[in-house]
Amino acid sequence: MSSYNFCAGPAMLPADVMKQAQQEFIDWQGQGCSVMEISHRSAAFIELAAQAEQDLRELMTIPDDYAVLFCHGGGRGQFSAIPQNLSQSGQAADYLVSGAWSKSAVDEAKKYVDVNIAATIGFTDEEWKAPEQNTWSLSENAAYFHYCPNETVDGIKMPYIPQNIKAPLVADLSSMILSEPVDVEKFGLIYAGAQKNIGPSGLSVVIVRRDLLGNARANTPSIMDYQLLDKHDSMFNTPPTYAWYLAGLVFKWLKEQGGVEKMHQLNQQKAQLLYQTIDQSDFYNNRVPVEYRSLMNVPFQLADSSLDSAFLQQAEQQGLLALKGHRMVGGMRASIYNAMPLSGVQALTDFMQDFVRRMG
Ligand SMILES: *Cc1c(COP(=O)(O)O)cnc(C)c1O
């Protein structure tokens, strides 16, 4: 029986990529050892690393005046690296809060910078609020404006890029990078933990406009100093080499699939099928307004939560894995990143309909 893994992260990787990695595991490119056992300074690895960066640049159409960094420390590592690199002590930075992850970014940033909450989007006391941009409170001289276009826990996606923001836009794309085209030039900095749409956890990718580099605080850890990382091609210290290798395989796979626009079409098809199944039945519920619904993370509740454990257990028996919702939200969540094929969402929606017939 084939199984489908709906985990929010670390998430499933493309089956073709896993197979290739398995084939090359012990002997990579005739080196007589694994890619994880060779020096990051070797010509072979340097070539791999450069190729991965090149493929990512092509996939996202990243302009030459942006540095692409492969960093340690996952998504959260960047929650502190960003204020350290882009702001000085005592300066203000604007944060939009639209869910659990942007809230966490705020909590970390407060250690370094004077955080101003520009606006809060989401459910407050069970009521949906999405204030218009002209009501947001922006600081006079903000070092940057941070937001999270796709909130992984809440299943909330910003339907637009904030406009008329003077400060550089900084976006946490951890759970949506490469899932749809993004106009990189609109941003000062984009970052993403790898384990949702790129590769294994631990690695993060930072895409930063080079004119923003060189202003890191004096006490910024060297391994988080963007300018230093850029100067050393992300090899100031030993990078997460195996994760970088797998990321490179995923980029190649994406190019073979037809690139980001093709993935976007497929992702829309997958999300539509799932939301339709939820909306058509009184048995399932997703309360996020349609315009703000995520294409990647789909939380849903059963009308009768006493059936939650039966739902999860039976789903697992059908090979539908990791559907349990985030501990903060409860209910269910299906994460349907690039690596999830349409057949996986079809299997899930078939099961959901069947479950209603039997248990509803
Ligand atoms: C998963 C996630 C993170 C955190 O990533 P870690 O690698 O666990 O630090 C940050 N932001 C968003 C939006 C995420 O989905």
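Cβ coordinates are placed from backbone N, Cα and C, and glycine is handled just like the others.
In the record from TrEMBL, residues G75, R76, W101, T152, D172, N237, T238 bind pyridoxal 5'-phosphate; the candidate from Q51, Q54, Q195, Q257 listed for the same site is Q195. In the three-state DSSP classification, T152 (pyridoxal 5'-phosphate binding site) falls within coil. Sequence-distant contacts of Q195 (pyridoxal 5'-phosphate binding site), defined as residues of its own chain at least six apart whose C-beta falls under 8 angstroms from its C-beta, comprise G9, P10, A11, G74, S201, G202, L203. Taking the binding-site residues T152, T238 in turn, the residue surrounded by the fewest other Cβ atoms inside 10 Å of its Cβ turns out to be T238. Sequence-distant contacts of R76 (pyridoxal 5'-phosphate binding site), defined as residues of its own chain at least six apart whose C-beta falls under 8 angstroms from its C-beta, comprise S104, E108, G193.
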